[in-house]
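For 43-133, the entry in TrEMBL reads domain 'Calcineurin-like phosphoesterase'. According to TrEMBL, the domain 'Purple acid phosphatase C-terminal' annotation covers 168-208.
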Amino acid sequence: GECSVCALTLVPMPAPATVNQPWWSYDIGIIHFVGISTEHNFSIGSPQYRWLEKDLSLTNRNITPWIVFSGHRPMYVDSEDCCALGTTEVCSAAGLPCTPGYDVEVMDELKASVEPLLYKYRVNLAFAGHFHNVQRQSAVYQNTLVQTAVETTDDEGNELFVHHNPNATVHMVVGSAGNGPVDSSHNYTWSAKYWNNVFGYAVLTATN
């Protein structure tokens, strides 16, 4: 669609991404960033899947102890968008399964194929967009809540939510940079917090 025109023609894609294989990784400081295309085949055994596993397996945690994963469509999003009629409950009442391309089905596909790699290679944090608000999920694996964050404050009184060795990836949705906001419903056990009706971007700081 037209939303890809800027990405493909104006904005340089990080290496080794190409138009037909837009997945990439690079290091910034002590963070290894890795991004996949959720609009291309990421099923087990696909070229993208094989590339992702090789990239994660070769990451030197002595040099980049943090791994941050990214994809447009979220693996965990507080959304029940299931089919053309709406939520899982509405679709089920109409006798319709969740449809490929809708949030619930995409989440299930990512969890089946990609999430085991994130768990195996101890990926710390995952960012996604698509859903136009901001969401912070707990550490989660295969829909099971692994660890909730501990609320605290820093020396300046700023509110913090801290995970201590959660043994699963913490997921963030940062879809607040464009389009209109979308409301969350907080229906999942792993949904920690969400912000509706906000516009902005995320700032990431890593320490070791």
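The backbone N, Cα and C atoms fix where each Cβ goes, and this holds for glycine too.
Note that TrEMBL annotation is computational and uncurated.
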Helix, strand and coil counts within the domain 'Calcineurin-like phosphoesterase' (43-133) (DSSP): 34 helix, 15 strand, 42 coil
For the domain 'Purple acid phosphatase C-terminal' (168-208), mean pLDDT (0 to 100): 81
